[in-house]
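The structure appears below as structure tokens.
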Amino acid sequence: MKILSGIQPSGQLHIGNYFGMMQTMISNMESSELYVFIVDLHALTSVHDREKLATGTLEAAADFLALGLDPDKCIFWVQSDVPEVCELMWALSTISPMGLLERCHSYKDKVAKGIAPSHGLFSYPVLMAADILLYQADRVPVGKDQKQHLEVARDLAIKFNNQYGETFVVPEPAISETTAIVPGIDGQKMSKSYGNTIPIFLEGKQLKKRVMAIETDATPVEMPKDPDNCNLYKLMQLFADKERMEQIHSLYVNGGAAYGYLKLELLDLLNEKFGKAREKKKEYLSDPQMLRAILAKGADKAREKATVTLDLVRDRIGLSY
Ligand code: AQP
């Protein structure tokens, strides 16, 4: 089984990225043929600062490795190091119905949030389809926000196969119900571009400030509260064990849940979960040459796979003469 997923180096990676995708990818390392990549070409749709993109790419790589990804047990690379993906994107663009792309809500959401409405942002789902189809992935673990983009990839694979003959594996999304949409500190989807994240690698006072800023309502401590409508409760669920969550649930429904106290508990749980990884990340970042070497080796492996698919595609569509 080939499992593939990518992450944008468009800002500090956050616990939504971790629970929505990174954790699943790392846990699949032993049992699958795993493809993990840093999608810097996608990040170009929102990051136009050279330094930010270049640094963000190395940082995202360090994040993944520090969290436990073993580059010897997967193919781990940077998207732009395998430019074959751009050629496949073009081929797919020529069969992508405008209506299909116009229905994608992520484009509209991002424009509404102030990201410039470029052609690149609009055609993001076609590049994502190329990412997936180039490596013939069977499954793609993503958060719920990417479900529609996965459907575009499936539609394009089916359309291409029908038009030119069996070529692509039709990929399946893998979305965990419990972590499908991790809320940000303001209750919207946690998102780098919304400024509402809890970054995985934030620490000390800055992390405390962010956790204490989680928005909650003004219900007094002793009054019952609705856990299903509480942002803090949803975040606690990601970290606390089952027994503690039962106690917290009872405090919510019967009264007695103190938001300030729970936030401090969440802070402890965050430090416990990510403390070691933070130290490891510093080690990786202290040796950027080693990071680059790991990524270059991964790109070589990825390109070998990409070339096989692209040769087949070129032949199917008439680009080999
Ligand atoms: N809040 C979230 N809950 C669950 N999963 C999430 N993901 C992102 N946010 C959440 C999943 O993380 C993976 C990598 O995402 P990405 O960085 O490539 O792009 P994104 O989904 O657009 O993430 P952001 O933080 O919202 O980035 P910006 O603001 O730059 O667009 C994906 O599988 C995603 O589903």
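Cβ atoms here come from the backbone N, Cα and C positions, even for glycine.
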Range annotated as motif ''HIGH' region' in TrEMBL, from 9-17, 171-179, 243-251, 270-278:
9-17
Which range is it, out of 49-53, 189-193, 314-318, that shows up in TrEMBL as motif ''KMSKS' region'?
189-193
Using only the Cα atoms of GLN8, PRO9, SER10, GLY16, ASN17, GLY143, LYS144, ASP145, VAL182, LYS189, MET190, SER191, LYS192, SER193, which the record gives as binding ATP, return the largest interatomic distance in Å, rounded to a whole number.
19
Integer Å distance between the CA atoms belonging to ASP131 (L-tryptophan binding site) and GLN8 (ATP binding site):
13
Which binding-site residues among SER10, ASN17, ASP131, MET190, LYS192 have CB under 6 Å of ligand 1?
SER10, ASN17, MET190, LYS192
Which bits of the chain, at least 6 residues beyond where the motif ''KMSKS' region' (189-193) starts or stops, bring a Cβ under 8 A of a Cβ in it?
8, 10-16, 46, 110, 113, 115, 145, 181-183
Using a 10 Å radius around each Cβ and all protein chains in view, which of these binding-site residues has the most neighbours: LYS144, LYS192?
LYS192
